[in-house]
Amino acid sequence: MSRFLISILLLATCTSFAFASDPSPLQDFCVADPKSPVVVNGVVCKDPKVVQAEDFLFRGLHQMGNTSNNVGSDVTPVTVAELPGLNTFGISMARIDFAPMGINPPHTHPRATEILTVIEGTILVGFVTSNTENRLITKVLEKGDVFVFPEGLIHFQKNLGNGYALALAALSSQNPGVITIANAVFGSNPDIAADILAKAFQTDINVVYQIQSKF
């Protein structure tokens, strides 16, 4: 096999991996049918003959979320679960409300890059690069500022103001997923063994028990 042909094959392979994410649509639309018993990687399409305008509509994003909780924030997602018409389009969005000094705690989206726009308030944002550098990249955003969080990296937001703050996020997957770090590590079901967490966080095992009790 010639070097030229090998190069072409390698380029094609790399290109296919580079664009591997949500599948591209092969028709005008593929409205999700959550009631289908068929299990696929994604969501089965509803018969296009019974698709209605409501399948492409989500209402209520103007409504403020309930931030009366331990972290002082609330996320209103608009994914394929809430808006079936998003199926196969590779996009979703979310509204994020913040109480004064509220946070959206460190989390990741395993299947999506996120781009966040501040609608109201002053918000501290940041993400951490992967091992072994673990570099913190952070910025204070004002109204109208836009910031991007790379796919899969741990990131967070904090309202720095004394009033409520609001941001809108767009994500590059119909089902981006979310893993909140504290909940996953200290609130897993069943619990991760406390001695493992104590060693991982280099702390006393009783501290781990105390944190786990909060989740």
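A Cβ is built for glycine as well, from the same backbone N, Cα and C atoms used for every other residue.
TrEMBL does not curate its annotations; it predicts them automatically.
Annotation comment: TrEMBL describes 1-20 as signal peptide.
Cβ neighbour count for C45 (disulfide bond): 20 (other Cβ atoms within 10 Å of its Cβ, all protein chains included). According to TrEMBL, the disulfide bond annotation covers C30-C45.
Marked as domain 'Cupin type-1' by TrEMBL: 59-209.
Cβ neighbour count for H109 (oxalate binding site): 24 (other Cβ atoms within 10 Å of its Cβ, all protein chains included). Summarising the annotation, TrEMBL assigns oxalate binding site to N104, H109, E114.
TrEMBL lists H107, H109, E114, H155 with the feature Mn(2+) binding site.
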Other CB atoms, at most 10 A from the CB of H155 (Mn(2+) binding site): 22
Surrounding CB atoms that lie within 10 Å of the CB of N104 (oxalate binding site), all protein chains: 25
Alpha-carbon distance [C45 (disulfide bond); H107 (Mn(2+) binding site)] in Å: 30
Of C30, N104, H109, i.e. the recorded positions, those within 10 Å of H155 (Mn(2+) binding site) when Cα atoms are compared: N104, H109
Cα separation, N104 (oxalate binding site) to C45 (disulfide bond) (Å, whole number): 33
Sequence-distant neighbours of C30 (disulfide bond) in its chain (C-beta under 8 A, six or more apart): C45, K46, N87, T88
